[in-house]
Structures are given as structure tokens and as C-alpha cells.
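S.K.: First the structure, then my questions, so here it is.
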Amino acid sequence: MATSQRKILVTSALPYANGPIHLGHMLEYIQTDIWSRYQKLRGHECHYICADDAHGTPIMLKAQQLGIAPEDMIAQVNKEHQQDFADFNVAFDNYHSTHSEENRLMASDIYLKLRDNGYIKSKSISQLFDPEKSMFLPDRFVKGTCPKCKSPDQYGDNCDSCGATYSPTELINPKSAVSGATPVMKDTEHFFFDLPAFEGMLKEWTRSGALQVEMANKLDEWFEQGLQQWDITRDAPYFGFEIPDAPGKYFYVWLDAPIGYMGSFKNLCAKRPELSFDEFWGKDSTAEVYHFIGKDIVYFHSLFWPAMLHGSGYRQPNSVYAHGYVTVNGAKMSKSKGTFIKARTYLDHLDPEYLRYYYAAKLSSRIDDLDLNLEDFAQRVNSDLVGKLVNLASRTAGFITKRFDGKLAKINDTTLTEAFLAKQDVIADFYESREYGKAMREIMALADIANGFVADAAPWQMVKHDDQQEAAHQVCSNALNLFRILVTYLKPVLPRLAQDVEAFFQLPLTWDALGQDLAGHEIAPFKAMMQRVELDKVNAMVADSKDNLQVTADAPKTAAPEKIAKASSVSSEPLVSDPISETINFDDFAKIDLRIARIVKAEHVADADKLLKLQLDIGGETRQVFAGIKSAYSPEDLEGKLTVMVANLAPRKMRFGMSEGMVLAAGPGGSDLWILEPHEGAQPGMRVK
């Protein structure tokens, strides 16, 4: 057990109940599930809860299109969502729906407390009304040009381009997303949450460490713009909860959606009487509450939600963790390219553990977008999980079963075991801080050491000699013990594999038992645990995704790239021989993560005419990069220098090893190359902006 048991409640954002889960959604649930499983592995009391977000005009309209009741539609979607999550080994302690009695009571309770405390204001407003459909239009059902940055095709409540929030009446050239008609103005009585009253509290909370630095900085911009009262009302017809004492008026979906965290936990408490709702949500609670969300809903979770809780007498979350978007093959998910992949389509073709590992290997605590490069995905899974991890057991377990009665030897030389155990605190810290990519690199570095040990010892040669039987027993037992430690470290990421390994070892894999002595312990016969990723299956998944997905919202329009004009003077010689490339938009450039790196070590690469192997320190992390600069630099000239590297370039498998990025250099090539060197004061890991 952990030395000091924590009480933790963790949530993922609620998926909307009008469509299927896709691989963009899965990033968040896998990220949260890994963190929750890690906490439980350490012996903490951790409850992972979620629910379907089941209210709003989109659900009402879609149910009408299908000719069924909204209740029937959301029940079917809930069933599909839960099955997808279960098949991806996402282990919720409770999965519920915002369309529940628990949530209705919680929403009413919070609203009435806010009202009684003076935080609900009522006023008549002019709102956009669809004259063709005879309905007031929710913010997300009005589209037009952003009043702040002038980006076209933006929703009526916030701009995806600049992040600004505004009233739908501020949109330029608004159109109804329901009928396409130009909306007209109509008066209606609405209730507003007095968000500006909480500005002081929110400024203190957002700078308390509850948010990532990037999020807190973004909120400062919103504070500078001034907080606005928040409209929490929608008019009938609407699918949701009616506001107490206000017939025909309904709670806006974003009021009762986050309350769904509380409603789901209420539901769990009813199933498990030993749990106390107030112990986790009461104002004086000492339990921990964490929300994992996407960066697109930061405003709601970091301003409205903590203010609502504070104003109604409940506790605020300890932290809100945001992540970036998922791209596929370097671009926005696309139906036409087959890269907008439903969770179920993936499951029809590939093992969910593959994606869990790949996402973990690329996740950090930052809000950067994550690219699912399908070629790199197959290569990394095959190299790390099949070639390194499972191969460690498959190469040695058979000898234990066939030659040593299935029993492990007492390991005489524990040097490797001690080295592996010495990494547990480092790996634990990475899991806790959501630096999963760093944890995976640490674990795979250990796997390389273990495989090198087996390759050097070659037990398959030892067993051919009578006088080396005990040595072979030692090597294979040592290798399997290292394998057990590695899989225990990976248990939060690969729960199904961990389960198979527990059956193989015939004992549970627990963090507290990492150093367990297995001398004389009997193992089960080894069975295949993981197959290689076959590219034909990846291609089949992409092909299926071209046919069976709903049309998604159009991407923001960008200007077509144009060729830059020729250099005006022949004296600009580099531009003549190497013209400037086509223009790209800022978003494409922003995807490149440039970092200051110190060249710790440089060395020649055997049988390579142009390459040097560089070990780069990027601030607490070391990367290996093969650079084609051998003709311009000798290794000793480079060591200790600072340079600039592309840090988020997908790792590339070369015949000399894995290259984990790219250093930047200028010049035509050969001996005429100059690496970029920043001025004094730059430090490894700094972002180049």
C-alpha cells in the first residue's frame, strides 16, 4: 500500500450523446484512465467517473430527424459509448448520464443556492430567433463572422480561431445553422449567472497551481477583457432540465453538464454506501478532485465551473488538466482521407493496447497537439512492445518450462534488478505529473538493457552445454524478473497485457512487490501475448473510415498558397538557387516545436559517410539524433555547443538506430553547413519562438 493513502476523484469531460466516440475523443479517456490506474496501483482510493452529456438542441433536433424520442436516442448512444470505452480498457468506476434524477436534483440545488446568494440575475434580452423553425437559436446554432478577429464561420458563443467569447447577437452576418435563414431579433426573459462577482476569487484560484501555465496565461487575457454575466437559460422547445419556478425556461447545457460530475458521483455513492458525497464535494473536503479536459473547453471549466461551485457552497477542483487536439498523419482528421476514425472502426481492426501505448508515448503535461502518425504508430508498437518488451519473455520463458520444471532460479547477481528498481521513483513521478512520454522512454531504455543482457548471454547457446545449465537458468530467470518489473511499470498503460502476464507468472503485479524474490516460483507455459501491427490492417481501417463516418464540420478556410516572387536582384544568390517555398499559414508553423539543445556527445557512425550521432540535452531529457553534418564538423568541435532542434518530429528508424528529432543547419551541403547556435543566455529546453 502507499505510505499515505490519498482520496481522489478524477473525471474526463463528458462526451456528447449525439454521435460515436472517435480517436480524438479517446486521447482524453486513455490519458485519464492511465492516471487513475496508476493511482490505484500505488494503493490510493481513486474513483474515476464520467457520464454522457445528454442535453441540448443538437440532441433534440437529431432525435426529431430519426423520428424517435430524445430519451431513446441518448439511451442507445450511452450503451454504445460504454461499450467502446470498455473495449479500450477504460475502467470507469461509474459511467452515468446528465439526463438523470441525480443530476436534475444537483442542478436545481446549485441554481437555487446561487439564486438565494444573489448570484442569479434576471433580465429581458433580445435573442436571435429562427422565423422558419419558430425557435430561439442556441449559441452553437448561430454561425457567422467573429466580431473580434473577423474569422468566418464561427459559432455564436466563442471563436475557435482566437478563443474570444461573445454574445451571438455580436456575430457579423449571422445565419441559422438549423434552417439557413437569417435570424430575427426577439425579446425573451433570461437568467444570468453573475460571473464578474467572482473575479477576485477566480484570479486567485487560476494562479494557485490549479491550472497549467499555458491555461493560466490564457485566462489572464480573458480577465483583461473583463468577465461577463453568463446566460444560463434556454427557451422551449429544448431537451434538458426545466428551471425551478420558471415554466418554459431550461438550464443551458453548459450549466448541468459539469454538474454531471457530481451527479455521476451521487449515483456511485448510492451503489456504494461506504462512500460519502460530502467527503469529496463538501466545502471543507480534504479529498482531491481533478478534471481532465480538452483545450477547447478551458473557459467553462476554469471560470464558470469553479465560480458556480464557490457560489453554491461546494469545493473547487484541485486541478484542471487540459490536453491538445489529435491530428492524424500531421493533419486535421479527415473523412475523405479516412483519418477521421471511430473508436469502433479501430477496434474492428486493431488491438486497443497499441493505441493506449502510442498515446502514452507521445503525451506530456503540456497542451500541445498530438499527432497520430500511422506509419510511426505501427513502427513504434512493433519495435517497443513486440520487439523489446514481449520478446524478452518469449526468448527465455520456454527454457524455464522445458528444462527447469517451470521454476525460476534464485538470482545470484542482482545488479540489473537493482538498477531497474532504482528507476521506480522517476517513473512514478512521470506518471503523477502526466509526463507519460518520459515514463515510456525510461521504461523502454530499461527494456533495451534487458534485451542486451539476454543477447550477450545467449542462453540458447548455453543450454547446449551440460556445464552451463545453471548459468542458463540464471540468465532466463533474471530476464523474466526484469520483464515482470517492466510490465508492472506499464500496467496503467497496458492493463490487458498486464493481466496476461499475471496469468503467466501466476501472481498479481503490484508496485509494492516490484522487488519480490521469485526464487523457486513456478510460472505457467508462455503464450503469445501481442502480435505485430500489420500495415494491411491499418490500411483496412483507413479504408473503412472513408465510408462509414458522418460528415464533420468544415475546417476554417485559408487562403490558397502562392509562390513567392523571384528575387529582385541576382545578388541574392541563395534565393536564386534555392527559392523561398510556398507560403504556409501560422497554424501549420505553430505545430513545429523548436527547442534549444546542448550537444552532450557527438560521435562518428560506422559505415555512414555523412552522419554524426548526437546526444542532445533538451532540459532534463536526452534525445539521440543522426545529423548529416559529418563533412562540416568533427565530433570534438560540437560537444558542449548549443543548437536548435525540432523536438516534436516523429522518431525515425534508421539502420544505425532511432533518430529522435532534427538539428537545424544552414548552407548548401557538404562542408558548407553551419549549425544554428543561439546567443549566450539560452538554456537547453527553452522553446524557440
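Every residue, even glycine, has its Cβ placed from backbone N, Cα and C.
The shown structure was predicted, so the numbers you read here are calculated from the model rather than taken from an experiment.
Found this in Swiss-Prot, in case it helps:
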MOTIF     15-25  motif ''HIGH' region'
BINDING   C146, C149, C159, C162  Zn(2+) binding site
MOTIF     332-336  motif ''KMSKS' region'
BINDING   K335  ATP binding site
DOMAIN    588-689  domain 'tRNA-binding'
S.K.: State the mean pLDDT for the motif ''HIGH' region' (15-25).
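M.R.: Mean pLDDT for the motif ''HIGH' region' (15-25): 97.
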S.K.: Going along the chain, which residues six or more apart from C159 (Zn(2+) binding site) have their CB under 8 A from its CB?
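M.R.: Residues satisfying the criterion: C146, K148, C149, S151, T165, Y166.
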S.K.: What is the set of residues, excluding C146, C149, C159, C162, whose C-beta falls within 8 angstroms of the centroid of the C-beta atoms at the Zn(2+) site?
M.R.: P147, K148, K150, S151, Q154, D160, S161, G163, A164
S.K.: Take the domain 'tRNA-binding' (588-689) and count its residues per DSSP category (helix H/G/I, strand E/B, coil), listing them in that order.
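M.R.: Counting residues by DSSP class gives 7 helix, 48 strand, 47 coil.
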S.K.: Can you tell me how far the Cα of C162 (Zn(2+) binding site) sits from the Cα of the residue listed as 'ATP binding site', in Å?
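M.R.: Counting only the Cα atoms, the answer is 25 Å.
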S.K.: Measure from the Cβ of C162 (Zn(2+) binding site) and count the other Cβ atoms within 10 Å, all protein chains considered.
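M.R.: Around the Cβ of C162 (Zn(2+) binding site), 13 other Cβ atoms lie within 10 Å.
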S.K.: Across all chains shown, how many C-beta atoms besides its own are within 10 angstroms of the C-beta of K335 (ATP binding site)?
M.R.: 16
S.K.: Just going by other Cβ atoms within 10 Å, which of the binding-site residues C146, C149 has the emptiest spot?
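M.R.: Comparing Cβ neighbour counts within 10 Å for the binding-site residues C146, C149 gives C149.
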S.K.: Under DSSP, the motif ''HIGH' region' (15-25) has how many residues in helix, strand and coil?
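M.R.: Secondary-structure composition of the motif ''HIGH' region' (15-25): 3 helix, 2 strand, 6 coil.
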